[in-house]
């Protein structure tokens with residue numbers, strides 16, 4: 001491959017869509033804590049002065065949705081009306097129903113191993129050896145920039161920052177290898193009383209420089225810091241937010257394909273979420289094993305059926321063993337039936353709120369990021 005540019009973006013925990021994702025996953029976690037077998041599909045909508053939590057939930061648990069919502073918004077940092085959104089005074093509306101019994105009869109089984117998929121669909125997982133976390137560099141560094149924005153906002157280093165922010169990083173590649181960063185965009189909500197010059201200098205020194213490796217920056221790297229010149233009105237006052245609207249930010253930043261299903265607010269019986277996590281786990285272990293430099297996995301399901309309807313392995317010509325052998329290894333070492341992957345990745349725990357900002361992949365504390373099968377795969381493939 002010749003020289004090319006590739007761009008990925010991320011958004012902060014205070015972005016309206018991410019507020020919605022975090023509320024949905026906070027509700028899910030609270031329910032799973034009491035009832036690991038709950039069926040949860042929780043959607044959230046946020047706008048100036050209000051939060052609407054809706055969806056289908058079947059559970060023996062009781063949770064205080066209003067309290068969970070306010071606590072989540074408070075932790076993000078919207079605690080005063082001058083930010084356009086206030087955890088203490090916003091209205092919280094609830095519109096929760098039960099999961100359809102027509103779905104239940106296809107999912108629930110006497111033998112757990114025969115648990116059917118909660119819906120049809122296709123899911124992708126991806127890994128690449130271009131970063132230490134086996135993720136694409138553009139999305140990895142886009143996430144780290146907005147994570148740093150939240151860090152210096154919350155620890156008081158830059159107290160005039162506000163919760164809403166977006167980042168975008170364009171990497172230069174030559175023959176598939178990173179040779180530099182071409183452009184960086186960082187837009188952050190701020191208080192009224194900070195001037196543009198001071199903001200740009202502080203963002204460069206406290207957010208961008210500590211995060212982006214200096215060897216990838218050069219005199220031709222372009223920086224766009226709050227390029228409109230003003231970003232006081234942000235969060236739900238600037239835009240409404242909705243669960244599941246940042247699916248590329250949540251995954252691979254456009255470097256890999258996406259099946260279209262969002263993650264947040266869904267319990268692990270929903271293969272949109274759990275099978276996408278499992279596909280990442282498979283791809284990451286293949287790359288960690290040295291069986292390919294890049295790997296994309298596709299799995300698909302039929303509602304009510306346990307076995308995947310298809311498994312695909314794509315290695316973009318970087319495989320060290322035949323792709324046909326990789327597919328056999330995947331089938332041998334990974335149980336991709338809904339119940340099997342839930343057990344394999346230990347998913348029936350309240351671990352989801354943390355996934356809802358800064359990406360679901362490339363963060364080592366999540367079980368689907370383990371590389372515990374890499375050596376097994378390498379040995380089975382006959383590589384020394």
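Heads up, residue numbers simply count up from 1 along the chain you see.
In case you wondered, yes, glycine gets a Cβ from its N, Cα and C as well.
Per Swiss-Prot, the stretch carrying the note region 'Flexible loop' among 88-98, 99-109, 110-120 is 99-109. ATP is bound by 164, 165, 166, 230, 231, 239, 245, 246, 262, 266 in Swiss-Prot, and the record lists one more residue there from 15, 360, which is 15. In the three-state DSSP scheme, residue 56 (L-methionine binding site) is classed as strand. Annotation note: residue 266 (ATP binding site) sits in a strand segment as assigned by DSSP. When secondary structure is read from DSSP and collapsed to three states, residue 15 (ATP binding site) falls in the coil class. For the ATP site listed in the record, the two most distant Cα atoms among 15, 164, 165, 166, 230, 231, 239, 245, 246, 262, 266 lie 36 Å apart. Fewest Cβ neighbours within 10 Å among the binding-site residues 43, 56: that distinction goes to 56.
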